[in-house]
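Scroll down for the structure; my scribbles are underneath it.
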Amino acid sequence: MSIQFNQVSYIYQQGTPYEFEAIKNVSLTLEQGKYYAIIGQTGSGKSTLIQHLNALLKPTTGSVNINGLEVTNKTKDKHLRHIRKEVGIVFQFPESQLFEDSVEKEIEFGPKNFNMNLKNVKDKAFQLLLELGFSRNVMSSSPFQMSGGQMRKIAIVSILAMDPQVIILDEPTAGLDPNSKHQVMSLIKKIQIEENKTIILVSHDMDDVARYSDEVVVMNKGTIVEKSNPRNLFSQKTQLLKWHIELPKVVKLQKDIEKKYNMLFPKLATNEEEFVKLYKEWHHEK
């Protein structure tokens, strides 16, 4: 399932003194099965962009082609039902949207609206919850007797269990403890690889962006200013400073060592394991 933006602009409160153009003439292609990260300063247009991915917002000008359906400002909502099933969005702090008195009912809510097979959805949700460290009686438990991190995981699983082809995650690990963060991000990566899902991650955590994504889209003032793989992107230190984007911790460490010893590693590490391997190879040859 591919998604293509064709010269898309979106204006909030158009025609009023408060109108604001949040994204400007954006053209972008997102391919099936890839893991994308969308990064940029607060206010750069990231949230507006992702709301076009399942037509929660429609372009003011331009069009978005979602799996063959051309969405413009004239597209009727009745044509968008299938898209909203296939493109799942996990918004920031999704635990605030939980309202059912059991995990099972919470999992069932979305699928009922799409007339999905509830047994299949619940079976998938149960397996995902076990992978995230829940006990086997989780489905009968109340989300409101759980920690904030556990509620976040349940909210995320409620989207994943509907088996969307495209999974959009807006700051999914903000505020989670390191163990929960690792569980969630590892599960998402596993789903991408094993089920050929398209993942779109919006994040200010450059460590996650470097480790998990295949391609990174950089937004600045409503436009796309760069689309590259993490290794190439995080090699552009001067340009990243201009866009107010920090380097991942592992990249900072590598740069510091290269500067201290006046040397260069053969490539830029995008995660700790890769850095350790490069460092050992260099230290052995030294």
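Just so you know, glycine gets a Cβ as well, placed from its N, Cα and C.
Database features (Swiss-Prot):
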{"type": "BINDING", "residues": "GLY40, GLN41, THR42, GLY43, SER44, GLY45, LYS46, SER47", "note": "ATP binding site"}
{"type": "DOMAIN", "residues": "3-246", "note": "domain 'ABC transporter'"}
Please identify which of GLN41, THR42, SER47 has the densest Cβ environment, defined as other Cβ atoms within 10 Å, among these binding-site residues. SER47
Need the DSSP three-state call for LYS46 (ATP binding site) to compare against my parser. helix
Beyond the listed site residues GLY40, GLN41, THR42, GLY43, SER44, GLY45, LYS46, SER47, identify every same-chain residue whose Cβ lies within 8 Å of the center of their Cβ atoms for the ATP site. MET219
Tally every other Cβ atom lying within 10 Å of the Cβ atom of GLY43 (ATP binding site). 14
